[in-house]
Amino acid sequence: MPFYQKHHRHYDRAYRSRETASAISQYQQSSSSYSAHRSSSTKGAITSAFVDESGLSPQPKRTKPSYLAVDKENQIIGYVVPIFRGSQEFATGLSDTEEARAKETAGYLARRDLFTSGVEMDRVEHKSRRTIMRESADRISLTKRIHENEEYHKQLNKDSLMHPPEFVIKPRSHTVWEKQCVRLHCTITGWPEPRVVWYKNNISIDPMAQPGKYKIVDSYNVHSLEINRCDFDDTAQYRVSAMNSNGELSAYASVVVKRFKGEVDESLPSPRPHADAEVAGAPGAPLDVFCQEANKDYVIVTWKQPAVDRGSSILGYFVDRCEVGTTHWIQCNDTPIKFARFPVTGLIEGRSYVFRVRAVNKCGMSHPSRVSEPVAAMDPADRARKGASAPWTGQIIVTEEEPVEGVVPGKPCELMVTEATKNYVVLSWQPPSEKGHEGVMYYVEKCVSGTDSWQRVNTDIPVKSPRFALFDLSEGKSYCFRVRCCNSAGVGEPSEPTEATVVGDKLDIPSAPGRVVPTRNTDTSVVVSWEASRQAKELVGYYIESSLAGTNTWEACNNKPVKGTRFICHGLTTGEKYVFRVRAVNAAGISDFSQESEAIEVKAAIASPAPPFGITVLECVRDSMVLAWKQPTFMGGADITGYFVDYREVIGGVPGKWHEANIKAVSERAYRVSELKENMLYQFQVRAANMAGVGIPSRPSEIFKCEEWTIAVPGPPHDLQLQEVRKDSLLLLWKPPVYQGRDKVNGYYVDIKEAEAPFECWRGVNEKATSKTYMKVCDLKEGVTYIFRVRAQNKAGVGKASEPTEPVLAETKPGTAELVVNVDDDGVISLNFECANLTADSKFVWSKNYEEITDDKRLTMETKGNKHLLIIHAERKSELAVELLEKGRVRFWLQAEKMSANGKVEYVFNDNIISQGDKYKMNFDRNTGIIEMFMESLGKEDEGTFTFQLQDGKATNQSSLVLIGDVFKQLQKQSEFQRKEWHRKQGPHFVEYLSYEVTPECIVRLKCKVGNMKKESVALWYKDGREIKANEKLDFSEGVLTLEIAQISKKDAGVYEVVEMCSSLSIQSTEEGVRLYTFVNYYNDELLITWHHKDAAIAFTDRIKSGVVGEQLWLQISEPTEKDKGKYAIEFFDGKGGLKRTVELSGQAYDDAYAEFQRLKQTFPTCSFASPDRARVAGGLPDVVTIQEGKALNLTCNISGDPVPEVTWLKNDRELVSDDHFILKFASGKFASFTITMVNTNDSGKYSILVKNKYGTESGDFTVSVFIPDEEATSKECPPK
């Protein structure tokens, strides 16, 4: 054997090239021939088998060589043994013919060399002595090397070359998806070359049986199995076996093919629902099959007895098992078992199983139960390491390791009997501490108590799990048990025997439950309660059955056992009488029935209602809060008669005692809690009441702070209700918000989202605000659950959303009746409704626009059986009428007869057709027939005749209203008065005018009451036009102004006047300059403001600016100089009267303000009016934007400044807040964007952007004008261009 192969025996010789193999063969043959010749010439012992008798010529070319060894006399003395025994082709890599040809060539060369060597010996004497010595040395050296080579090969034998197979690399397990390919590969050594076979679940794999499915490749000791397009059936344990004459070795790998979620293999056993049995009288299917204490070859299966036995007691149960991936079910027990628990043995380690159970009585076999969850037969320690349970798609990955030389295991410990019945006994123990490196198995032995005759139970196959179930024991006898461990090294000593165990049921069937008491619940359900079983070990629960009184036909009320002693039986018939009975169940069986209950009639019981929930705040002022809540989920079988509200203070996080807020019940789900303390924290709770009594209180609400709301937008709507729910639509109703904000609510937005969707999924239902307090929501998806909320808006914007409704399922419930509308030729409208659940107390309530109809002069109602008819008689058209609205607006209107969609209306004033514009607003609702025209006010030019001309096809009609003379003047006067009153009441106004009274102390008290007073309000008293000084006693509390005159005399006679004033004009220094400011009690767009300096109107520049922030009016003077000294004044004019406030900015006042300005300026040394780092509006805003109503407006401008400026957007000099209508963004400190989502006419006006940092402030203005399509005039809020 060559030297480079001495340490690499596992390589075969197939890699050699033919040239190399030929050279090695020649070397071996020539070495053998030369050695034989040397031995012949010196000792005369042996001659080579490759030389003929003459020793001169080669053998014939095709003569096969001889392996006989002969001496000089050609006597056979032995054999020449080749170096490699076995297949020549395997040893050299050459075929038989090529090997023979190579040997013949080598023999020829050897004989030629021998001949040449003999001739040279004859000539040696002719050479010089020096040449002879050199050749002799070379010859000796060569002879020595040949001799050493021969000695080495003589020591070789077949045992040094041959060895059993060995896995250098074992195959690995894989988990793959369906339709993927997987390859298992390994590296095997051994001599002779092992034969390799692949197995699937111990069945050899034949690639030819399934062409294209399997591919087996062997290359350079690397063996692989490739599985193409794996499917579920390829989930198995694969084994590769290598075998030669010295032995056999195997390695294992598992392949688990996983299926995408949602797909179900039709070949798998599908769960069956709990249905009636196929055989009449057979019991129902068992329930809740569950596997526990699974081990290598053992698992305990438990279940619950069925609720239905068809009147015949259950004799027992059969347990079936099925290996995952197959459809073959195997029955585990030969005879029925009474217990609802059974140990299943004989499982194959590494396999996954599912189980099912069947019940049997004397009538037949039940349906199989639902299959259990898959469970793997494996060691619990391996399960904890690899996962809780096997995937249902296949087996757990299990590999076998090559065993090492082990020792005999020790004794098992902690042997005990865990369960004993008359059918079986279950043993459990712990493995021995001394068990070697390989796993152990167990033999179980038993003997009758009192004897020493031990009998091995599992004589054929030892068990792998430390648990074992023994069957076929004699009931009533006493046994002892012990366990032995075994492995490849032998069988160990037995464990300590258990105590004597008597074979029999240790768990008794529970006793029957006690007294059963039914009570009324709803019109279709009854609450059943009972006394628990007194003797019930390991109780599983109770089964309840019901029967119509007098029929003795019993039906189960529950499919699964109930743990408690109370159950609500649903699905009963209203008005019928029922009796009930109960029985208990445990693993041993089902108890006898309890005694039957008394008969009870099914009808709704009256109980106190459940607590309300969802308490929220709708409005908050200084000393009161308005609360709202949702009605209880359970009404108690009667209508709610009212609610009671309690409150308590929370101080330092500690709640106080509860106090009643109302003694008399309130019928609405909203209530104002008064007499609270400002800025205090409160909690609230609500209780509902019905005719049965007052229910328990709700959970305490969140903690709310009692402080006055000053936000401009309205509060949340409340009392959301869902009606007319259908599969694709429903009706949503709500009540307006209590807190209106600064302006009246002018519309609502409805939002919707799926109940399970995240908060971000809220979306609007209506793009344009609706003025109604109801909306029909359409385009719902059937079977989807939704929730809704509502938001109110006014001129200031959109307010906070209401609390969401309870989830509602979009479905049309069976038996839902629809309203049927008929119209006859005379225009008589009839509404028909049919109700199937009428009772003696039922009544019909008709509503119009979801408000109950109280005026029924035109209505006729008829009820026949379960049908109700409402007839609406036609009414003649009303005449044109006029009325005054809020703000003094004038409304002309009439009610028309029914008109088609092609009906038209023309509006005429003094024989001239008028159209929609700034002055006139028209509206024609064809659904109601209401025709309206609005005017904001009446002028002298509006005196005359107004006419509405109607046309529908060929039919025409008209109605006129004459407003002239005293009638017009009176209407104009009332309109102007109401408009002024409305504006007056927006700010501080007199609720009660000035009056006087004399007290018992002879003090004359002048008093009046003012509304909308604020902290900044100032009241001044005048007598005969002169302000009264502060030496008189003044009082101002709770909106009441008083002036007391003590010891009145003639000098106090005169005309007294009280004036509510704004605050005085004040001076404030800033880092930019000097600011003059004052506060007003209320500011609106009609208040005219003028600033004066030295009695001259101020011309505003970039250095001198004015503005309004909330109720503060200010004048900013940047970098003041001597020229800015003097008297400043601000004048107000509200259309009725004026007011003036002055301040002197000179002398010490100017010096102090200027010094403070310098100090602030030095605080920021780089601060300058012209600083390059000051906040600036770089551009991008237009001067005027004209946009159509209903469109979206988006403007963007560039902002600069360091540090990054603060950005504020203003509308009509009032700050805007970002909401759903106005979207304000400031990105990257450079880009400010302004978006109005749905533009309406209320959005017209002056807009500004104000940017500010420590170096300065700058603003940019633009005007938005909104027009309505097909109108020639623009909105009145749009200033002239």
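Every residue gets a Cβ built from N, Cα and C, even glycine.
The annotation domain 'Ig-like' is assigned in TrEMBL to 165-256 (among others). Sorting each residue of the domain 'Ig-like' (165-256) by its DSSP state yields 3 helix, 58 strand, 31 coil.
Across all of the domain 'Fibronectin type-III' (285-380), the predicted model scores a mean pLDDT of 86. What TrEMBL lists as domain 'Fibronectin type-III' is 285-380 (among others).
Annotated domain 'Fibronectin type-III' per TrEMBL: 408-505 (among others), in sequence order.
Taking H, G and I as helix, E and B as strand and the rest as coil, DSSP gives the domain 'Fibronectin type-III' (512-605) the counts 0 helix, 44 strand, 50 coil. Taken from TrEMBL, the feature domain 'Fibronectin type-III' covers 512-605 (among others).
Marked as domain 'Fibronectin type-III' by TrEMBL: 611-709 (among others).
Per TrEMBL, the feature domain 'Fibronectin type-III' maps to 716-815 (among others).
Sequence annotations record features per position, and here TrEMBL assigns domain 'Ig-like' to 988-1056 (among others).
The domain 'Ig-like' annotation in TrEMBL covers 1172-1265 (among others).
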When each of 165-256, 512-605, 611-709, 1172-1265 is checked against the domain 'Fibronectin type-III' (285-380) for Cβ pairs under 8 Å, which one has the most? 512-605
Within the domain 'Fibronectin type-III' (285-380), count helix residues (DSSP H, G, I), strand residues (E, B) and coil residues, in that order. 1 helix, 44 strand, 51 coil
Reduced to three DSSP states, the domain 'Fibronectin type-III' (716-815) has 3 helix, 41 strand, 56 coil
